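Participant: What follows is a structure written as structure tokens; I'll ask about it next.
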Amino acid sequence: MCDAMRDKIAALLQDSVRAPAHTDTTNKLQSAVLDFSDEGGAREGGLVWRGCSGGCDTEDGTAGTLSDGNLNPGDKLEGSDAATDDPVHLKRRVGLFSGVALIVGTMIGSGIFVSPSGLLERTGSVGISFIIWMACGLLSLLGALAYAELGTMNTSSGAEYAYFMDAFGGPPAFLFSWVSTLVLKPSQMAIICLSFAKYAVEPFVSECEPPDALVKLVAVISIVMILAVNCYSVNLATNVQNIFTAAKLVAIAIIVCGGAYKLILGNTRHLQEPNFASSTATLGNIATAFYTGLWAYDGWNNLNYVTEEIKNPSRNLPLSIIIGIPLVTLCYALVNVSYLAVMSVSEMADSEAVAVTFGNRLLGPMAWLMPLAVTISTFGSANGTLFVAGRLCFAASREGHLLDILSYVHVRRFTPAPGLIFHSLIAVAMVLYGTIDSLIDFFSFTAWIFYGGAMVALIVMRYTKPHAPRPYKVPIIIPYIVLVVSSYLVVAPILDKPQWEYLYATAFILGGLLVYLPFVKWGYSLPFMDKITVFLQMVLEVVPTSTTFEY
């Protein structure tokens, strides 16, 4: 039965992949389907390369992995996954405009439309809250510039996962994929889709609050729609991202123009008194206020998750960051000023959806534009979130740190469909379970542990890999600044208000080692997984890429 399935997969792959029919390529093709034994594979350091028969060239290691030495930067930028004669790999289809749209589209979600009042509640001051908004933008830009150096050094998808593998090895990289794959990325998408569902159903219900079951149903439907888009085509997913990013920028322009109109009329009284003296902010409150602001900026590192699919990454990755993040910061600053031109501080603090209140005050019969803007913004943000989450799953499983099937790519559409489906299933479970807000609250500091870890990785590789190609190089002071700030964001809330949830989150992170040791380090595998993998290959029409390997 298993052999028959393998033969069908080989026939399907050979019929569907449009590649030159060279003999060596055909041999690679046949051995790329499934190789559960150690025979017929090229072994290096205990690794069995699935996409390579014993006699083919394995190049110099994993795709995009750095090797020290005086190399021509152009030799490694594309990575071995982008070789033109490789029949199955992720295609480079993300250009500069799509890169900017991915950054802007995932950063601008529901936060700026729904909850700018969170900063006011935690700081008690218009002036301090505005400073924190700008500081969050600056911190995101500095972090993204450091990530640009890492992303042009190693053009493998996976962002922090790939950088931890280069700098520290397997265990830290596995712990990152463990937390991000099971909690951070799915819960982020679940919250965004719940926000989308709430504002999508609100105009159609007569009650003050839409029914919880209806909101969850619409959220699940939105996840399925976004999954279908991302599985069907990378081009379709990026086009959707481009369109929704443009739409949300139009919505922001409406808010800014409305605020400018009020300011021209002289409505500046809420902006004239910054109230620094009346601030109730403490050390811990400022850190949690940063969490609120940084949630609105979240997504600044998302382009690094898809570097294998970026055209000319040495140019377009840093350029997309330099264009996208300042654009978002400018939008957030203008939107906050516009809100205060129409509403008082107390009105903003009491509003559950500031943009909706703004629309009701200013737009009159066109007030429905603001709920529509929130739905458009959240749908686009969810699309970008799933787009990058699937690539993290793909990168980690390709290294043997997750199930093999999650690293496979569709034979015709070249999308990491299993990874996308896996993330979507977890997000649906979180939506139905309905208690994910606390997960975000207490795992936000976890995300900054890994952001700080990426800065340590950059600093370490400045010394351990001094001659590695660096098409883009940041001043060394930048990763140190981001490392200090991330350490503060992790430690300050714990010292200010210790809670058991922080301990639970830390235990969950370290608990990943209980999975890493038997299944990754010692190579234990469940006996029935081979048959499940072959069955899923048949159902999903997916195969390994040429760089998939196992321990």
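Positions of Cβ are set from backbone N, Cα and C atoms, glycine also.
Where the annotation comes from TrEMBL, it is an automatic prediction and has not been curated.
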Participant: For the transmembrane segment entry in TrEMBL, name the matching range from 12-33, 276-297.
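Facilitator: That would be 276-297, per the transmembrane segment entry in TrEMBL.
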Participant: So if I exclude everything within five residues of the ends of the transmembrane segment (94-114), which remaining residues of that chain have a CB under 8 angstroms from its CBs? That is, six or more out.
Facilitator: 140, 192, 195-196, 234, 238, 241-242, 244-246, 248-249, 251-252, 295-300, 302-303, 306, 309-311, 315-317, 319-321, 323-325, 327-328, 331-332, 335, 352-355, 370, 373-374, 377-378, 380-385, 387-388
Participant: For the transmembrane segment (368-394), what are the same-chain contacts with Cβ under 8 Å, counting residues 6+ beyond its ends?
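Facilitator: Distal contacts: 90, 102, 105-110, 113-114, 157-159, 161, 177, 180-181, 185-186, 188-189, 192-193, 195-196, 199-200, 202-203, 222-223, 226-227, 229-230, 237-238, 240-241, 243-245, 247-248, 251, 254, 299, 302-303, 305-306, 308-309, 353, 355-356, 358-360, 402, 406-407, 409, 415-416, 418-420, 422-424, 427.
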Participant: Should the transmembrane segment (160-179) and the transmembrane segment (414-436) be scored as in contact, given a threshold of at least 3 Cβ pairs under 8 Å and pairs 6 or more apart?
Facilitator: no
Participant: Flag the pair the transmembrane segment (501-519) / the transmembrane segment (442-464) as in contact if three or more Cβ pairs fall under 8 Å (sequence separation 6 or more).
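Facilitator: Contact confirmed: at least 3 Cβ pairs fall under 8 Å.
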Participant: Please give the sequence-distant neighbours of the transmembrane segment (442-464): residues at least 6 beyond its ends with Cβ less than 8 Å from one of its Cβ atoms.
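Facilitator: Distal contacts: 66, 68, 143, 146-147, 149-150, 153, 159-160, 163-164, 166-168, 172, 176, 179-180, 183-184, 187, 291, 294-295, 301, 476, 479-480, 482-483, 486-487, 489-490, 493-494, 499, 501-502, 504-505, 509.
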Participant: When only pairs 6 or more apart in sequence are counted, do the transmembrane segment (126-148) and the transmembrane segment (476-495) reach 3 or more Cβ pairs under 8 Å?
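Facilitator: In this chain the transmembrane segment (126-148) contacts the transmembrane segment (476-495) - 3 or more Cβ pairs sit under 8 Å.
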